[in-house]
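K.L.:
Below you will find the structure I want to go over with you.
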């Protein structure tokens, strides 16, 4: 696990000694500011403690931002989620947990199951453990066997006398995430079946996916045996899980990460043109290839266009011999290998992440920037799309956020654009059929010298072998020419949860060296929810006003945490870089 100083981050070009010194000062300021906030908020706190709501509060499901002292609004507190006096047992999972803080907010002597990140270098091991002299069962889930990754999911399953509460969020179980930084939670209550009801042995999909997720962690009965006792028929959200692994073949690709996102959008509201905004508290290496792959999933298209064939050494030598100009031949730059590897154009995606200036001007500065992780090395890679970065500034001035959002708005094309698109896709479909015939006729030999890391970098744009072509579903070819489908009342969708906008969280497609199948590699445990955005009465009037300076998503009931539309980075802006990343 990261050391404390690595988590807390720093601005660019400051030495570590000054960072440590500033960090100590910031911690003192945090304590002082929190005391001031609590003092000014004292009256509200007294009323809040006195009035505790009874019974289920979220039967219809709701997405809310977390409360931060000193800011009034429609926010939710941790104790409002817990309803301490009525809670009977609970399951919690998060990457980091402050047990002393958590237990202070729970009733004594109830059964608690806690799943969290663990590190073998600290002497930890995978498994389920009883903590001596406590009522806590500790779970260390299986971690990625591919070298890195973390347990990053945030889930609460809270059990009461007459209902069960499911909470999926971006917040760790630490005071920082519930008192200093801004987070997002989805909450829904599900009532217990009456004794006279016949409980169907087939779990509702929402509960089944929770069960499968808990089983994958290593649990066998705790909490799981309670799930069938409740009615999930009004489940509002669709779960998007990520579990570490290399998922081979089309069916498995659709289960997790952005493969799962693709399947959900395709089933509910597949659309051709989407503007996608990705707000994240951590970023990694982002390439045009990943952006295009992810964008296909966001539109509801199969993300797995078959990867480009890797040529063997013999093929490469023959290519160079055939393509190199002779003594009397003019150079043909358009046929050079470099010309065949032009960078992909970027899809209509923007990434929302705070600038260095935003962090330094924030209320808690360094101490508040603990959850923000981004490496200067990743940013300076030639493939990183700097032009799509947007400023992340909270609607609560001075607060930094640990939220993670995907915001998708469908754009209805004009009749001329539709006709142009139809003709283009018709030509693409023709080229696909031609390429299939060519590759089946002249199949390349495999390059036995290719390494796993080489394979991970292949361009997911062309075909590889006859076996891969025949493995594809018909949808993968025909989705180039599909018409707009789905519910006409759905005008977009949003995601919130634990997934940062990274390949480790959402997965990256490549080709299995062993089986030559498409595979989705995921390194992290993550969990989030998908909700469609439905049409408002005046949406037709706003249809073409995409650039208007207002928050379209807040108009449609999405509790977005940052100022929208987000402004582009200025020339002097750089992202916030965390120390040690």
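Counting starts with 1 at the first residue shown.
Backbone N, Cα and C define each Cβ position, glycine as well.
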K.L.:
Per TrEMBL, which of 306-347, 348-389, 390-431, 432-473 is region 'Disordered'?
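P.N.:
So the range that TrEMBL calls region 'Disordered' is 306-347.
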K.L.:
Let's check the environment of residue 152 (active site, nucleophile): how many other CB atoms sit within 10 Å of its CB?
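P.N.:
For residue 152 (active site, nucleophile), the 10 Å Cβ neighbour count is 26.
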K.L.:
List the Cα distance (Å, whole number) between residue 152 (active site, nucleophile) and residue 402 (active site, proton donor/acceptor).
P.N.:
13
K.L.:
Cα of residue 402 (active site, proton donor/acceptor) to Cα of residue 154 (substrate binding site): how many Å, rounded?
P.N.:
12
